[in-house]
Ligand SMILES: NC(=O)C1=CN([C@@H]2O[C@H](COP(=O)(O)OP(=O)(O)OC[C@H]3O[C@@H](n4cnc5c(N)ncnc54)[C@H](OP(=O)(O)O)[C@@H]3O)[C@@H](O)[C@H]2O)C=CC1
Ligand SMILES: Nc1nc(=O)c2c([nH]1)NC[C@@H]1CN(c3ccc(C(=O)N[C@@H](CCC(=O)O)C(=O)O)cc3)C=[N+]21
């Protein structure tokens, strides 16, 4: 039997149609105002520049504006904090994205946490994470929230299932685990100090690959009928999971590309529209 393909690209496209309608309605009501997402790119890493450009393009597709801030790689923490404060104070800015990673002399955590909670549409602040983890209202961290939206759209059962998250980074693995826990999964979090990784993965009903190493998670570790979510992305369209041998024996999987990536961007835009509606009045 061939597996269900969790098509993030298609879901993102469909959602963009709904978002376009909401943005147009907001514009109509407010005499021309649209939600605005400010993106901050520090330095000249070409991959980061591409992602930020894709985020700006997605804003345009739904009729939103974006404000693209580009800063030199020599910037200090203080300078970046000052820029974030300026965007916090700008009433025309409804969401702020600080692209990760920033240069190593910059305190990324301090800069993420400087983002005002109601503009944290990428879900990267400690406060937003804490609220989300406690089940309070907050914008979700974009990649894990995008994965949750994808699983929900395909009516994948989570409650009572054993989910194994491989990776515990602040903007992916850790919030992913909290979201799955809130959805009543039994959650195992694996990381670089985990022993017997293959055995943990072998017990998973749902596997989330977020390791950052190409095809590090082997197909043979994953059991038949698992739901496989590959959050990894490497040049050439390779994920963190060896997907090819799984395609005819698991229950469902996210393709790379076209799975998690488009949902990350879509979630950022979705939450920016939510923020715009709250501030402009939807
Ligand atoms: N599609 C999308 O929208 C996005 C995709 N990504 C992709 O997701 C992947 C992960 O990204 P990110 O979370 O930022 O990466 P990080 O490098 O920040 O985190 C990687 C995690 O994997 C763990 N890890 C590393 N080696 C091993 C190992 N040998 N065994 C078990 N765990 C290990 C690390 O453990 P430890 O904590 O112990 O160091 C860490 O928690 C990357 O491929 C990235 O490109 C990321 C963000 C968005
Ligand atoms: N503050 C912050 N928030 C992020 O969400 C964030 C970040 N920093 N830093 C980097 C990672 C990476 N990331 C991706 C987004 C979309 C695709 C994506 O759409 N990929 C396409 C393919 C893209 C291509 O063709 O190159 C796909 O998977 O189909 C990938 C990766 C967001 N990130």
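Glycine is treated like the rest: Cβ placed from N, Cα and C.
Among the features that TrEMBL reports, domain 'Tetrahydrofolate dehydrogenase/cyclohydrolase catalytic' is placed at 6-122.
Per-residue confidence over the domain 'Tetrahydrofolate dehydrogenase/cyclohydrolase NAD(P)-binding' (142-277) averages out at a pLDDT of 98. Feature annotation from TrEMBL assigns domain 'Tetrahydrofolate dehydrogenase/cyclohydrolase NAD(P)-binding' to 142-277.
Here TrEMBL flags 167, 168, 169 as NADP(+) binding site. According to its DSSP assignment, residue 167 (NADP(+) binding site) is coil.
Within the same chain, residues at least 6 positions away in sequence whose Cβ sits under 8 Å from that of residue 169 (NADP(+) binding site) are 210, 212.
Summary of the NADP(+) site environment: with the site residues 167, 168, 169 set aside, the chain residues having Cβ atoms within 8 Å of the Cβ mean position are 165, 166, 170, 172, 173, 174, 189, 191, 210, 211. The Cβ of residue 167 (NADP(+) binding site) has 173, 176, 190, 191, 208, 209, 210, 211, 212, 231, 240 as same-chain neighbours under 8 Å, each 6 or more residues away in sequence.
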